[in-house]
Structure formats: C-alpha cells, structure tokens
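These features come from TrEMBL:
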DOMAIN    54-324  domain 'G-protein coupled receptors family 1 profile'
TRANSMEM  38-63  transmembrane segment
TRANSMEM  75-99  transmembrane segment
TRANSMEM  119-137  transmembrane segment
TRANSMEM  158-179  transmembrane segment
TRANSMEM  218-242  transmembrane segment
TRANSMEM  263-289  transmembrane segment
TRANSMEM  301-327  transmembrane segment
Amino acid sequence: MNITTLINETADESLNQTINGTINEETYIPYVERPETYIVPVLFFLIVIVGVLGNGTLVVIFIRHRNMRNVPNTYILSLALADLLVIITSVPFTSVIYTLESWPWGELICKVSETAKDISTAVSIFTLTALSADRFFAIVDPLKKFHASGGGKRATRVTLCTAFSIWILAMICAIPAAIGSHIKGIPAGNAQFFVCYPFPEHWLNDKYPQVMVMGKFLLFYIVPLAIIGIFYLSMAVALVLSAKNMPGELQGMQRQMKARKKVAVTVLVFVVVFAIFFAPLHAFMLFFYFNPDSLKLYNAFWHYLRIVGFCLYYSHSCANPIALYFVSGAFRKYYKRYLLCKKQDPRYSGFGNQATSMTMISMKRGRSINRTTCRLTPTVMQETSVSLLGNGNGHHVCSKIR
C-alpha cells in the first residue's frame, strides 16, 4: 500500500502525522481504481439515511408520547441526540476522504467535524455506562429510589442531572479537537494535498498524538467497557441465580425464569456489540502510533482493517435504533406507526386505556399460598429498551383472592 493512499484515507484520524517529504508518484493508485472509493460513500449514505430516520423517530417518540418518558428512555434520547450530532456534522464531511484527494471544506468545518465526533463518542459511551448502572440497580436492587424502578421526581432529577453532566464532560473532552484541528498540507511532487489534521504540531514534543490515541482508547473504550461488562455480568448472574431460587412448580415461575435468562442474554449481547463496533479502529490506531515500524508493516491487512474500523465506528451511530426495534416491543410499535404508517391495534396496545391484569403468588410461613390479583395502570408496565420495568408512576389496585 502506497503512502498517498494512507495519507488520504486516514486524514480524519490524522495517521499522516509521521509522514513527511514527498510522495512516491510511481506507486500512486488513482482514486477511480480503488473499490473503497465507491463502496464506502454508498455505505455512509445509508448510515445517514438510517441514522436520521431511526434516531429522529426516537426523538419524536419521546416528545410526543408521555408514557415513553421514563428514566432509561431519557438516556436513550441522549444517545439519539449524540448520534444525530455526529451524523449531521461529521459523517457527510469525513466520507469524502475516500472520493477526494484533498480536504475541500476548509478549517472551520474541519474543527466542527472533529469536535462533534469527539462529543458524540463521549456522550454515547458515557451514557451507555450510566444506562448500564441504572439497569443494574433496577434489576438487582429494585428498592433503591434513584433508578428507573424507584420512580418519582427524585429519579427524574437524578437522570436529567446525569445526562446534562455527561454532555458537559463530553464537551470538555472535545476541547483539544476544537483548539488543535487544522488544515495540513502534504507535499506531492509539484502538487500538494490538504488534510484535516486534529493534532497540533509540536505539542508535547511531538508525543501529543500518542497521548491522545492512548487517552481515547482508555477513556472512550477500555474503562467504560470494563464498567459496563462488570454491571451486565453481575446483572446476568443475579438474574440466573434468582431464577434458580424460584420454586419451579409454582404457576408462572418457569416463565419468569425464561424471561430473566432472556434479559441476561440480551444485555450481554449489547456489551459484545459495543466492543465489536469500536475495537477495529482502536486496534489500528494503537498499531500505527505505537509501532515504530508501522509504515513499513502497513499492508493489505492493516489497510482493510482501517476501512472496516472506520465504517463500524460511524455505523454505530445508527445501530441503537435498529437494536431497539428488535428488543423492544414498545419502540417497535411506534417505529411501525411512524415509519411504516401502520396503525396501532388498541386491543394489543401496551399503552392503551385498558389495565393490565397480573397474578402474583406470595409464600407465607407454614407453606400457605396467597394469590393476589393486581390491576395495574398502563404506566406501571412501561417497556424499556432492555427489560419490562415500570417507571414507578402508576397506581396499584389489588384485590386478594382467598
């Protein structure tokens, strides 16, 4: 793989910072002869369409339907806004590095694009961490009052403060990109290429790119992934153990066991997807910046890993709505309503006027069993992106059956 290809295809991640001098014109491959010149822009076009429709619909659902405004869905709204930010301000501009040989947008767009990318990444990962913590306490310790199951104004205030703090922290993390991003010229014989370069020249004695690459790897990947993994693994273990401790002969207990195992598998799948989407790009960045022979070792494998990582990185901005469609019946109904123009059948609506009947069995000392039939108002059983957990705002009307 020639140096020119590496410069232009990786300008958005500033991998050209170690390259100087002139470009070998004999090994130059014209853009029209590269398959990624045609494949990647089409993929990015799909990312924009799916991301805008999916995340935009999420925002509409949250705004228009009061019964969807609960703690976990507030975090999901924050994720959607972060994804829309990077889709609108970064994806269309960074996609041109596969079709144009020089950055055509100027320094202002360069700064905005790099800053928005860092803000969106930080908001997404920090929000996922906060959401995993909320899910952990809601399932493992449901009596606490600061998460979704606790409900009430206190949970709402804590959620809004957490979401706001995450955005402030993300903006702080993006300050280096806002200050340091600039247009850099790369000599190419009698011509010159221009790239959007987020790392300032000569900061930290030229060690600044390595510091930033490692810092983002730890702050935006390893540490959040470890925290999320601990929360979700502990949650899965608690669900499995609690299901095993249930008397299997009682009515409905087997169904609860299967449901809890399904939730445990679902949340673990989210962790795996999160890791997969961000792993290739981080692996490539670490290889390029911390291997002194990276330019010599750069071959077809690293080239295509770079492209795959680049695409997965931005594809994650449209992954959340797709995941919600498959794992959440509530969101799926609204997606069909707004995107497919399908009317909701009131007989099967989880958010209609009818109450939901539910039978609970309580064990008393002396082996006596009391059956309690409860009627719950619809807001109690609001479905979230991960599990069927209420927001604590409904009212319980129970009558005991002897």
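Cβ atoms are placed via backbone N, Cα and C, with glycine included.
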In the same chain, which residue numbers or ranges, 6 or more beyond the ends of the transmembrane segment (119-137), come under 8 angstroms Cβ to Cβ?
71-72, 75-76, 78-79, 81-83, 85-86, 90, 144, 146-149, 159, 162-163, 166-167, 169-171, 173-174, 216, 219-221, 224, 227-228, 231-232, 234-235, 267, 274, 316-317, 386-387
Positions whose Cβ lies under 8 angstroms from the transmembrane segment (75-99), at least six residues beyond its ends:
8-12, 31, 34, 36-37, 40-41, 44, 47-48, 51-52, 55-56, 58-59, 62, 105, 109, 112-114, 116-117, 119-121, 123-124, 127-128, 130-131, 134, 159, 163, 166-167, 170, 195-196, 314, 316-318, 320-321, 324, 385
If you average pLDDT over the domain 'G-protein coupled receptors family 1 profile' (54-324), what do you get?
85
